[in-house]
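Novice: Quick paste from Swiss-Prot:
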type	residues	note
COMPBIAS	62-79	compositional bias 'Basic and acidic residues'
DISULFID	Cys96-Cys116	disulfide bond
DISULFID	Cys100-Cys112	disulfide bond
REGION	53-79	region 'Disordered'
SIGNAL	1-22	signal peptide
Amino acid sequence: MGFRVLVLVVMATTSALPFTFSEEPGRSPFRPALRSEEAQALRHGLTLLLARRADGQPPDMRQPEMRRPEMRRPEVRQPEFAELSVGQRRWDVDQCMYYCLTGVVGYSYTECETMCT
C-alpha cells in the first residue's frame, strides 16, 4: 500500500509540474513553471491524499461536482400481493425480472430474483 502511495505522489508531481528550460548561466536548466496558486493547490491535494491514506479512507480527491454520480439500485416497488390475482402476480414478477436483467446496471440473475420476488 505504501508503494502505491509513493508511485501516486511521484506521478502527480511529475505530471502536474511542467518544467521550462532556462539557459541562464549559474542556474539550474530546469525551473518549475507553476504559479504559486497551482503549487499550493497541489500541495494541499497531496496532503489530503496522504491524510486519507493514513486514516484508511478511499483516495477520492475530486471536487464533489466532478465526482461521478453514485450508481443507485432502482427501487422496485411491488404492490401488495393480496391485491393481485395469481396471473397478475406472475406477470409482474416476470416483467420485473425482464427489466432488471436487460437494464443498464447489469444485475445478475440472483440479484434480480432477490429484488423482484
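For all residues, glycine too, the Cβ spot is worked out from N, Cα and C.
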Novice: For Cys96 (disulfide bond), list the number of other Cβ atoms lying within 10 Å of its Cβ atom.
Specialist: 18
Novice: Tell me the Cβ neighbour count for Cys116 (disulfide bond), meaning other Cβ atoms within 10 Å of its Cβ, over all protein chains shown.
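Specialist: Within a 10 Å radius of the Cβ of Cys116 (disulfide bond) lie 19 other Cβ atoms.
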Novice: Hey, how far is Cys96 (disulfide bond) from Cys112 (disulfide bond), Cα to Cα, in Å?
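Specialist: So the Cα of Cys112 (disulfide bond) lies 8 Å away from that of Cys96 (disulfide bond).
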Novice: Quick one: pull the CA-CA distance for Cys100 (disulfide bond) versus Cys116 (disulfide bond), whole Å only.
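Specialist: Pair distance, Cα basis, whole Å: 8 Å.
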Novice: Measure from the Cβ of Cys100 (disulfide bond) and count the other Cβ atoms within 10 Å, all protein chains considered.
Specialist: 22
